[in-house]
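Q: Checked TrEMBL, it gives:
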type: DOMAIN; residues: 1-113; note: domain 'Ribose-phosphate pyrophosphokinase N-terminal'
type: BINDING; residues: 33, 34, 35, 92, 93; note: ATP binding site
type: BINDING; residues: 125; note: Mg(2+) 1 binding site
type: DOMAIN; residues: 143-258; note: domain 'Phosphoribosyltransferase'
type: BINDING; residues: 163; note: Mg(2+) 2 binding site
type: ACT_SITE; residues: 187; note: active site
type: BINDING; residues: 189, 213; note: D-ribose 5-phosphate binding site
Ligand code: R5P
């Protein structure tokens, strides 16, 4: 039985269809003192052997919901609890950045592990975060599907990552598209919203470019990359990512930078989530 966290309701429904498993009735509420209550009465009614909780931990509340839903389905007598984190929040805090800082990804993983027999997550920022879970989480690769919404007529395309860390994703999307060159820029981050992009030598004049990254958060990385491309007489620019977090004014920032379209998956449910990771997840369930 599929159990949806409030942040992943459409994806959970898509996964239920894909697996032909029932979608549990759930409730999300808040007590007068502000405390959350996420419940799964549908699981208590149906008494399935397995519950698959699907919830992107995009906020601290969403983390709590996962813990509550895990507890609720155990309480209902479920034998196997699979927890699917389509987007793992705090995943980018995978080290102690300064003395006295926590390794937040590890802290979150430990808490979630206590209620899960198995954890799946989609394209984590660093695959090493999977080892913070006990047992180790499975990283599901959904990047290949990002080629699906791209137009068929890209002109001599370049699949570009805005930093070296995302070149594998750019190569995966290029491979799925079937033609084109891959390259990457260099990025230096000065603050949470300020990045500096140094372009490579790739000739982008009059060529269509697809910029690929794992996450678009504030949109600073992508908008800087698009700005650099625009200075080089690029053709059309498409941007695509696995996790369209799109915090604050990211969509406006990117639209003003002059992108043709923004594409993302439904690991985070946004207006640009045109690609579903449900089939990729289903193959592990
Ligand atoms: C970091 O290395 C990630 O791959 C992304 O580039 C980053 O999270 C994007 O963040 P923002 O949109 O805030 O620049």
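Backbone N, Cα and C define each Cβ position, glycine as well.
Bear in mind that TrEMBL entries carry predicted annotations, made automatically and left uncurated.
Please go over these features one by one and say how buried each is and what sits next to it.
A: Sequence-distant contacts of residue 33 (ATP binding site), defined as residues of its own chain at least six apart whose C-beta falls under 8 angstroms from its C-beta, are absent.
Secondary structure at residue 125 (Mg(2+) 1 binding site), as computed by DSSP, is coil. Remark: residue 125 (Mg(2+) 1 binding site) has 91, 92, 94, 214, 215 as non-local neighbours, by Cβ distance under 8 Å and separation of at least 6 in sequence.
All chains included, 18 other C-beta atoms sit within 10 angstroms of the C-beta of residue 163 (Mg(2+) 2 binding site).
Within the same chain, residues at least six positions away from residue 187 (active site) with a Cβ under 8 Å of its Cβ are 162, 163, 195, 196, 197, 198, 221, 224. Reduced to three states, the DSSP call for residue 187 (active site) is strand.
In sequence order, 195, 196 make up the list of same-chain residues 6 or more apart from residue 189 (D-ribose 5-phosphate binding site) whose Cβ falls under 8 Å from its Cβ.
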Q: Counting across all protein chains present, how many other Cβ atoms fall within 10 Å of the Cβ of residue 34 (ATP binding site)?
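A: Its Cβ shell of radius 10 Å holds 6 other Cβ atoms.
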Q: Which recorded positions out of 34, 35, 93, 187, 189, 213 lie by ligand 1, going by a Cβ under 6 Å?
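A: Going through 34, 35, 93, 187, 189, 213 in sequence order, those close to ligand 1 turn out to be 213.
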